[in-house]
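Here is what Swiss-Prot records for this protein:
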type	residues	note
DISULFID	Cys25-Cys101	disulfide bond
DISULFID	Cys46-Cys82	disulfide bond
DISULFID	Cys70-Cys96	disulfide bond
DOMAIN	24-101	domain 'Kringle'
REGION	94-129	region 'Disordered'
SIGNAL	1-21	signal peptide
TOPO_DOM	192-264	topological domain 'Cytoplasmic'
TRANSMEM	171-191	transmembrane segment
Amino acid sequence: MLLAWVHTFLLSNMLLAEAYGSGGCFWDNGHLYREDQPSPAPGLRCLNWLAAQGSRESLTEPSPGNHNYCRNPDQDPRGPWCYISSETGVPEKRPCEDVSCPETTSQAPPPSSAMELEEKSGAPGDKEAQVFPPANALPARSEAAEVQPVIGISQLVRMNSKEKKDLGTLGYVLGITMMVIILAIGAGIIVGYTYKRGKDLKEQHEKKACEREMQRITLPLSAFTNPTCETVDENTIIVHSNQTPADVQEGSTLLTGQAGTPGA
């Protein structure tokens, strides 16, 4: 799986390099240079790569192709260069000046080794020779390897998240069980709160009724007496002090006149 991602990454970088090449620029050591500059400096002219390498009889350096533009086949840290004709007529290596491409991009530069593997010699009559990347191209390859795991991990995480969506029967059962437990806990909390609230209200009502009963029992006596309205018992017997008159006996009556004198 990781190897497939590496191939995809390299292919995208190659396509990106071709896109920039078609626009007149190419990547080299993290920089963007102009592709069609045939002069290393004012007044100088680059020699054809095949002609210059053929005259030098050097097979260790890879050939950039059948053209005379500034390139960097040996990964020179100074940047692109080309061969020029010296005073003695021997091809001489000369770094190119002012070859920076005015276009900018935020994409990472493609590995130079992948570009070099795609380039082949275009000289007529010559056999096609396999071009091997130089030894100093390893840092660029290591930089690409450092970037690859990051992209691969993010893609793997997305794939794993998609695969984990299907929880299976056990997952659904556990999910439903957890939902039932949560709902039961919530219902228990609501019922408990309602029961406690009703019990508190009932106790308050009973307490108020008890207080009213105690107030009725412990009222002062003045609340039951009214001085303006006194009642008398109807069965009370009234005893008077009048004496019963005695019987009058004959001969005992006093002879008194109207004037009250005896014998009158």
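Cβ atoms here come from the backbone N, Cα and C positions, even for glycine.
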DSSP, reduced to three states, assigns Cys101 (disulfide bond) to coil
Within 10 Å, the Cβ with the most other Cβ atoms among the disulfide-bonded residues Cys25, Cys46, Cys70, Cys82, Cys101 is that of Cys82
Which disulfide-bonded residues (Cys25, Cys96, Cys101) fall within 10 Å of Cys82 (disulfide bond) by Cα distance?
Cys96
Cys46 (disulfide bond) falls, by DSSP collapsed to helix, strand or coil, into coil
Near the Cβ of Cys96 (disulfide bond), how many other Cβ atoms are there if near means within 10 Å?
23
Mean pLDDT, the topological domain 'Cytoplasmic' (192-264)?
69
If one measures from the C-alpha of Cys46 (disulfide bond) to the C-alpha of Cys25 (disulfide bond), what distance in angstrom results, rounded to a whole number?
18
